[in-house]
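**Student:** Pasting a structure here, questions to come.
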Amino acid sequence: GNHTLLTGFVLSGLSNHPEQQHLLFFTFCLIYTITISGNLLIFMATVHPTLRTPMYFFLRVLSFLDISTASIVVPKMLVNFLSEDRSISYMGCVTQLYCVIFLGATECYLLAAMAYDRYMAICNPLRYAIIMNSRVCLSLVLLSCCSGNVASVVQTAWVFALPICGPRKINYFFCDIPPLIALSCADTSSYEKQIIAATVLVIFTPFCLILVSYACIISSIMKISSAEGRQKTFSTCSSHLTVVTLYYASGTLIYLRPKASNSQDSKKVLALIYTTIIPTLNPMIYSLRNKEVKGVLTKIIAEL
């Protein structure tokens with residue numbers, strides 16, 4: 001334990017093949033550039049006076065979370081592609097794990113808040129402006145952050161309380177729960193049950209709230225007499241549903257079986273989805289399927 005505290009860990013990265021490192025570097029450097037620039041554009045667009053509704057407030061927070069998540073994981077991964085020294089300090093690993101869990105859990109709850117916002121806008125349009133006022137929106141975001149912080153503090157403390165024996169090489173491209181508990185020489189069965197319980201609270205609970213919200217939304221949509229009206233209303237929710245499906249599915253598959261050693265490579269792919277791919281897709285999904293955002297983005301780009 002003292003040795004690990006002093007020397008930290010070594011990240012194996014995505015691939016051990018030297019000939020692939022430069023290709024991976026340029027690929028993820030491009031992805032990271034698109035992620036940052038795309039989310040910054042969405043952030044700038046949703047600050048525009050014409051986009052001051054709750055939906056765009058939540059979208060702005062989502063963009064901030066995506067920028068933060070990518071920035072916690074990708075820069076270190078890029079450095080490791082070109083360096084033989086892939087070490088990460090003990091405190092660096094603790095910080096990275098805390099940030100990844102905090103941002104991920106917060107986004108899970110935020111997506112549920114966004115579903116509730118869509119429910120109120122479609123099912124209660126006359127009371128929408130009164131119910132979803134700025135104080136309620138801010139409270140939902142703060143509640144998401146507080147819940148994410150509690151989940152992150154508890155999980156990070158549990159992981160680093162486990163005794164670590166043998167090689168300190170993490171078979172991953174960042175510090176995450178599954179590869180870290182795989183290093184422990186203690187019986188982690190009770191801890192794995194705690195992870196499953198946390199997964200239920202952080203992923204399944206908000207996901208169930210989303211399902212209830214969209215069941216009500218679909219019921220309201222089906223009552224619209226015009227087929228064009230039904231299609232237009234549902235299109236406002238399809239972007240959110242796409243993000244929810246990708247995000248919750250990848251997180252569930254990773255944390256429900258945290259110590260399944262035969263699936264470490266598949267866990268890397270799933271981790272790439274929610275830490276790298278989804279933050280890149282979010283601005284594309286929301287901007288390409290939303291005429292108001294596209295209109296503001298066109299004005300912003302034209303003024304640059």
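Cβ coordinates come from backbone N, Cα and C, glycine included.
Caution: TrEMBL annotation is automatic and unverified by curators.
TrEMBL lists these features:
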DOMAIN    38-286  domain 'G-protein coupled receptors family 1 profile'
TRANSMEM  23-45  transmembrane segment
TRANSMEM  57-75  transmembrane segment
TRANSMEM  95-116  transmembrane segment
TRANSMEM  136-161  transmembrane segment
TRANSMEM  195-217  transmembrane segment
TRANSMEM  238-257  transmembrane segment
TRANSMEM  269-288  transmembrane segment
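Help me understand the surroundings of these features in the structure.
**Tutor:** Long-range Cβ contacts of the transmembrane segment (57-75) within its own chain (Cβ-Cβ under 8 Å, at least 6 residues beyond either end) map to 28, 31-32, 35-36, 39-40, 42-43, 46-47, 96, 99-100, 103-104, 106-107, 110-111, 113-114, 117, 134, 137, 140-141, 173-174, 274-276, 278-280, 282-283, 286.
For the transmembrane segment (136-161), the residues of the chain that approach it from at least six positions outside its boundaries are 54, 57-58, 61, 94, 97-99, 101-110, 113, 116-117, 177, 180-181, 191, 194-195, 198, 201-202, judged by C-beta separation under 8 angstroms.
Sequence-distant contacts of the transmembrane segment (195-217) (same chain, at least 6 residues past either end, Cβ-Cβ under 8 Å): 104-105, 108-109, 111-112, 115-116, 118-119, 122-123, 147-148, 151, 154-155, 177, 237, 241, 244, 248, 251-252, 255-256, 258.
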